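Per Swiss-Prot, these features apply:
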ACT_SITE  187  active site, proton donor/acceptor
ACT_SITE  317  active site
BINDING   97-99, 125, 128-131, 138-140, 186, 318, 323-325  substrate binding site
SITE      330  site 'Important for catalytic activity'
């Protein structure tokens, strides 16, 4: 392998000649060969956008010559466009401030900008990773900013569209199924009737609340630490830089980023991400309940509840011919379990900041973005391959309604709880219908039973 010599404050180090990264990236590769969990692509993209915005603002403020600024901007645009993916090899398990990933971006952009200016990569480069690309910045404000930019982008561009699509599907099903009366269940036991549409309206409402929770978390995440530099005081950042770079990022992304009103909070804590991940966890809890309900209601086809039919997407067994399983529900509940685990990690990370800097940042970012990606992809898959194809089994639903003992609840206002309970117990013990048991006990006449026990009048209409 051909190498070139790069230097940092620790001295010279050999770097692969065909790579754009520099000394600090190479040292990180040597010192943190752990697990292979690379920094998420969303975070790399956010770092590139930050460097682009900073170069533009530093030029406007007279701190960076136009030729260098334009070269850094062009290099950052290449990264944003998906070029040079192999130049960001660092793992999550590194310094807790994300310094090495910040320097990875600085080095790559410095070397690439130098090439764009007609220079070389390496020690003779025309653009310096610290003095030019990282001007007016510190890893301590860059990395928290990248986390917020990546999180807001993931939520608004990927998660919320998937959430809305699934919510709208369930809301349509609620309308389509509104005339289907079914038996309710509490404690996994028969309860009073409701409509299948009412049941699905509950699912849609859960997702509507999650959408509200996520939107409520966004303003905190839109506050950016950039301009706080090392500890939040803004040392070495010029006046106006923080406000201008936030505005530049807002224009670049189309998202409402602003400078944080208190950069000590934004750098020392990860409360915005902890709060937002709580909304992701709540969404995962809702999706687990919805996916579980649907697979239980579709259980069978002959020996289960069988109230719903779901799409048959693939064979379900390597030994039982013809078996089809609720695989989308299974995938959904598994990924939601992973989100619950990620939430624990994010909470521990958020609680573990000391003094002026949280140093669990790469781990928090990794788990947050993992959760957002899982939920976005999981909801899209569940919607496309399950929810849109759900159909009611009307005959089975009607059969279970007629067999339910809990229709006796309609008699409570007329003959009282105790007599109604006697009717239900007698019917259950003797295997008869409620009507037969009620008439045998003499508590009601046939006409009264038929007038009072009417499922269509028991669903709140």
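From the backbone N, Cα and C atoms, a Cβ is placed for every residue, glycine too.
Shown here: features listed in Swiss-Prot, placed on the structure.
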| residue | record | contacts (Cβ under 8 Å, 6+ apart) |
| --- | --- | --- |
| 97 | substrate binding site | 139, 140, 143, 357, 359, 361 |
| 99 | substrate binding site | 139, 143 |
| 128 | substrate binding site | 110 |
| 130 | substrate binding site | 106 |
| 138 | substrate binding site | 228, 229, 230, 236 |
| 317 | active site | 323, 325 |
| 318 | substrate binding site | none |
| 324 | substrate binding site | 312, 313, 314, 315, 316 |
| 330 | site 'Important for catalytic activity' | 295 |
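Using a 10 Å Cβ-Cβ cutoff, residue 140 (substrate binding site) registers 25 neighbours. Within 10 Å of the Cβ of the residue listed as 'active site, proton donor/acceptor' there are 6 other Cβ atoms, across all protein chains. Under the DSSP three-state reduction, residue 324 (substrate binding site) is assigned to coil, being neither helix nor strand.
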